[in-house]
Amino acid sequence: MTTLHFSGFPRVGAFRELKFAQEKYWRKEISEQELLAVAKDLREKNWKHQAAANADYVAVGDFTFYDHILDLQVATGAIPARFGFDSQNLSLEQFFQLARGNKDQFAIEMTKWFDTNYHYLVPEFHADTEFKANAKHYVQQLQEAQALGLKAKPTVVGPLTFLWVGKEKGAVEFDRLSLLPKLLPVYVEILTALVEAGAEWIQIDEPALTVDLPKEWVEAYKDVYATLSKVSAKILLGTYFGSVAEHAALLKALPVDGLHIDLVRAPEQPDAFADYDKVLSVGVIDGRNIWRANLNKVLETVEPLQAKLGERLWISSSCSLLHTPFDLSVEEKLKANKPDLYSWLAFTLQKTQELRVLKAALNEGRDSVAEELAASQAAADSRANSSEIHRADVAKRLADLPANADQRKSPFVNRIKAQQAWLNLPLLPTTNIGSFPQTTEIRQARAAFKKGELSAADYEAAMKKEIALVVEEQEKLDLDVLVHGEAERNDMVEYFGELLSGFAFTQYGWVQSYGSRCVKPPIIFGDVSRPEAMTVAWSTYAQSLTKRPMKGMLTGPVTILQWSFVRNDIPRATVCKQIALALNDEVLDLEKAGIKVIQIDEPAIREGLPLKRADWDAYLNWAGESFRLSSAGCEDSTQIHTHMCYSEFNDILPAIAAMDADVITIETSRSDMELLTAFGKFKYPNDIGPGVYDIHSPRVPTEAEVEHLLRKAIEVVPVERLWVNPDCGLKTRGWKETLEQLQVMMNVTRKLRAELAK
């Protein structure tokens, strides 16, 4: 009989119950006991949903109040010593301080979990880091599930992945792999505690096996699993997010009891494990996207495996279902307005039922679930033939693109002359990244408009009032190139998705980004085009209020792609180019309307990098082409800006230069301009605006701090190509600190301009 198991479930609840309880607790509106009760209820519901799918093992240990890697830092005693906390007796209050900071210590750094949109808290490892076991978190969840009469499988991220996703800190140089001999006995203690609590199987996840691991890290797997296998539980080694076929010989030799492989991201993997003689768990339902599976097709893959493996075949989702929204059945608006699209989707609860059907088909024959298989096939056929998805005009436009369709008319050296001729900017021109504070009044007006409580005319008047205020304040500050402040935008991707064809939105399709923060990604279900202008009216209104240049503001094609649930029936590169052409229509309309400085934001370019470096070039080529397509056809005198906010550029600088934006603004203040050194060494050819203060904090920088950063920038970038701007958009700031921060930036700029003029 084939076994069905789960690796992880969304933590936040169907209606973000955990988020609201956490935030109430932080505001001291509920007690710790009340928060714990909400969490316990959510865990029980999650397990019951898994049990309702006929799961042989429910997942435990995956639920967390903030992040599973933070839980692991606590469980191994690896919390940062700078907090002065005792990991053995950590209070919930202290746990949250690790994640959110306190008056004495900044929060643990966050970054994206592999190539997902989930953020984990990065372990801080020092040469002298000591580890200490505390298995309470995992044991408690195991016992709770057992008390409900369920068979449970604890899931723990493995020691090598734990070390891999951490960072080396401190003055002493060392390799974090050298901590393994100290860490391994602690893992043995944690696993032993789980065995004593009744765990039969334990899943140890090692997604690091899907990235380019150095040889010594790969070799370390032998010793690690030789040690861990001495614990008397059965070990299922979990891999996901990519192929581990290159490590097949190693994985077959490891003394574990089973292996989980991701057949959604890497469907070719069964060939590499055809002779595997232990449990082989195959992830056949997509844990990262929202499309219903064609179950007949899945069975065509899995039935031959069952014939070969018999009882050694296990099935599951490709990875934890953490990355998918909770329940499609509550999406009543989507069902009413787009019934076909609704029938093509599967959220977490629907995916559990897909796995139930697959298990029944494998164990009792396809006839036992003939009705469900027929419904799955009907949905797949409907999607394949839908005119809502496949549009001949969009396909023709892409097919007819000439070879150099993504190129500007002239090289940068010619364009910059044409731009300066009319812009006539001073040395060190100043600008903002885009957004200004989204006040309560703005949010209330938008909410009222969406509910039909505010007319379109009144909403437009309210937004125009905000735009006028933003323009007036920038003029008072004497900024050179202005922005309209984006008052009308709820979110930099959702705003455009609502105005482009091929996009749809959910009411409750929330997924956890980090901690209590959830995002509701748009769904790109069909060919993308732009029915009408999206930003022209707002930008031209803003331009009418000032003689200074006004920036048009667009979100770039790669970022829209990265922050959405993307259709899986055509290549992502094709979807991205469709978005780029839709944006190009907007760029040319802005230009026609007199907006001659246009920013196309691409904060997510780096996030899209494949896990394996061998795949980088292909991605960077189509990502760069998409960006260039979005601005192609502009006059030389139109200045194209882009903005990027992340800290690792060095390895992709040639690709960023190839995007050929006239001006790039980047987030650099928190790294003390270190990032800029890479641009200097690379001799980045176009204009550049490094952020001179950190907008993520309400703190107003001193003039000395901003001057220090700007002087560092002048050392690296030719002053005639240097812009001055904040790190990022100002959406999350209050007005008071925004104006004070910008005033400091302007004072320093004026001082250095005077100095440079001498």
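Each position is counted from 1, following the chain as shown.
In case you wondered, yes, glycine gets a Cβ from its N, Cα and C as well.
For R16, E17, L18, K19, K112, R517, C518, W563, E607, the entry in Swiss-Prot reads 5-methyltetrahydropteroyltri-L-glutamate binding site, with the evidence type sequence analysis. Annotated L-homocysteine binding site per Swiss-Prot: I433, G434, S435, E486, D601, in sequence order. According to Swiss-Prot, the L-methionine binding site annotation covers I433, G434, S435, E486, D601. Positions annotated as Zn(2+) binding site by Swiss-Prot: H643, C645, E667, C728. The annotation active site, proton donor is assigned in Swiss-Prot to H696 on the grounds of sequence analysis.
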Return the residues near C728 (Zn(2+) binding site) by Cβ distance under 8 Å, restricted to its own chain and a separation of at least 6 in sequence. I433, H643, C645, E667, G691, I695, H696
CB neighbours of H643 (Zn(2+) binding site) within 10 A? 26
Does DSSP give K112 (5-methyltetrahydropteroyltri-L-glutamate binding site) helix, strand or coil? strand
For E486 (L-homocysteine binding site) and K112 (5-methyltetrahydropteroyltri-L-glutamate binding site), determine the Cα separation and express it in whole Å. 26
Number of Cβ atoms other than its own within 10 Å, given for E667 (Zn(2+) binding site): 22
Would you count the other C-beta atoms found within 10 angstroms of the C-beta of I433 (L-homocysteine binding site) for me? 24
Compare all C-alpha positions of I433, G434, S435, E486, D601, the record's L-methionine binders, and send over the largest distance in angstrom. 13
Can you tell which of the binding-site residues G434, S435, D601 lies nearest to R16 (5-methyltetrahydropteroyltri-L-glutamate binding site) in space, using Cα positions? S435
Fewest neighbouring Cβ atoms within 10 Å among the recorded positions R16, K112, H696 goes to H696
Other CB atoms within 10 A, centred on E607 (5-methyltetrahydropteroyltri-L-glutamate binding site): 15
If I take the alpha carbons of E607 (5-methyltetrahydropteroyltri-L-glutamate binding site) and D601 (L-homocysteine binding site), what is the distance between them in whole Å? 14
Out of L18, C518, C645, which of the binding-site residues has the smallest number of neighbouring Cβ atoms within 10 Å? C518
Determine which residues of this chain, when I433, G434, S435, E486, D601 are set aside, have a Cβ within 8 Å of the centroid of the L-methionine site's Cβ atoms, and list them as they appear in the sequence. N432, V483, M492, M553, Q599, H643, G729, K731
G434 (L-homocysteine binding site) and L18 (5-methyltetrahydropteroyltri-L-glutamate binding site), distance between Cα atoms, whole Å: 32
Residues satisfying Cβ distance under 8 Å from S435 (L-homocysteine binding site), sequence separation of at least 6: V483, G485, E486, R489, G729, L730, K731
